[in-house]
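What follows is a set of notes on a single structure, which appears directly below.
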């Protein structure tokens, strides 16, 4: 009765999902001018069921961007018929109909009205459709119309649109726009899980570093320089391999499963490595401890690279929590070191108990991380990441034209965050280069100055990281990263002061334990502050106006790579410098 039946191809049927009652799309015939409505019959369990049911069940204000109206999607219930999902877009369907069937004699052009597509009541021999409109918003309406205009200029797009059904095309556009809506922020306690995660995987190096006086007594001061190198050196190789292997695992397992597998292997393996670490001290040789430290470095940096990607998908508080937890193991290390009397004369039993506590922290961090990935907040962000990565893969021209609505930054990510990469590399180089030479400091007052400096560095760095959340002066956070770079460069002066103090003549700088501890603490405080702020600002600028998840992931990989480059360069230089310093 005035309707033409368009049979779906197998491609279209697969695209729409399992449709039990009909494999047809109903179009108005050329002889009937009354209905200018394109209605696609889908059942509630079609492939877009989840997105559309969320749209129907959510309050209107939940789906409506500020200052917009209902424009594009209409839900229809036909009296006397089975429940259907109707997607109605009068102007789009009119244009598609005229283009596909070439009817220009009985086709009235649709004038673009401010009010958007109108609900249509089909009278006569056809049942009347009553439309209830969930909120969709101006942006979806305007973007879909613009995208359809792009489709009109590509003839191949029309056969593709017909094959898979116009309903699926509209629903796909709708789902794409929903994915760009800001996700709800997690509760405050949720960010504590990021803190505990990084505390877990960084506890290995922190706990081993506390043994600096033990290593000086058994292996000499140069051993700690080599031990630090064994931990930092794998980082750049891990970062390079991770970027490629992660993509392979994401494609094979899916993004969410891939993150779970990588995290379990790395953080779980780190806990096992710390349980076995004390056995490497038996015999007094340097090789076994260095091999265990190398393995710990591989697992730690792989864990950190994995966690950093997910963290940038969350609000900035997550990055602050992760970076703060990065230096938090000393909160547990200091009381444990005091309780077990860790020092030059510590027994192997006490050292073993101390390192086994690190294994417990690593296991606890893994539990927290799995909870993050399995939560609704983590799952939704990983879904967005998977969708954004899929949009970057080669597709048909029709599909490419469908999702070009988002106005992403034209510049590559590396160019967008170039200044931040330089600042992070310089900052990490200074911090890592200075740290191994704490073993060469001499106390003017008979104290164990090596451990004091080590803890001054850890606590200074730790306290500087949460400051990035509450103190962001305009001259530092200005767009482009110039302020961040200026702040980073001034820190070189304080690093130079430390080396002059330790290796310079006594008459040049008077010796004072309090002065050198204060310099190290301030230097490390600035390191924690600027590193956290740099990562946060770089991720935000890389994401662009829509905070694209794929660009944020790429930014995270670049930041992690430069992070490792700075540490590796500093480690290599520290080994060379230490070679020319005579043993005390």
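Heads up, the Cβ atoms here are built off N, Cα and C, so glycines get one too.
All TrEMBL annotations are machine predictions without curation.
Values in this document were obtained by computation on a predicted structure and should not be read as measured data.
Database features, via TrEMBL:
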REGION    48-80  region 'Disordered'
REGION    109-132  region 'Disordered'
TRANSMEM  189-215  transmembrane segment
TRANSMEM  221-241  transmembrane segment
TRANSMEM  253-278  transmembrane segment
TRANSMEM  290-314  transmembrane segment
TRANSMEM  353-373  transmembrane segment
TRANSMEM  420-440  transmembrane segment
TRANSMEM  492-509  transmembrane segment
TRANSMEM  515-538  transmembrane segment
TRANSMEM  558-581  transmembrane segment
Restricting to the same chain and to residues at least six past its boundaries, which positions have a Cβ under 8 Å from a Cβ of the transmembrane segment (290-314)?
186, 194, 197-198, 201-202, 204-205, 208, 226-227, 230-235, 238-239, 242, 246, 259, 262-263, 266-267, 269-270, 273-274, 276-277, 280, 322, 326, 369, 372-373, 377-378, 381-382, 384-385, 535, 539, 543, 549, 552-553, 555-557, 559-560, 564
For the transmembrane segment (189-215), give me same-chain residues lying six or more residues beyond its boundaries with a C-beta closer than 8 angstroms to one of its C-beta atoms, as numbers and ranges.
223-224, 227-228, 231, 266-267, 270, 273-274, 277, 293, 296-297, 299-300, 303-304, 307, 311, 314, 317-318, 320-334, 337, 342-344, 346, 351, 354-355, 357-358, 361-366, 368-369, 371-372, 375, 377, 438-439, 448, 450-451, 454, 458
Seg_contact(the transmembrane segment (558-581), the transmembrane segment (221-241)) with at least 3 CB pairs under 8 angstroms, min sep 6:
yes
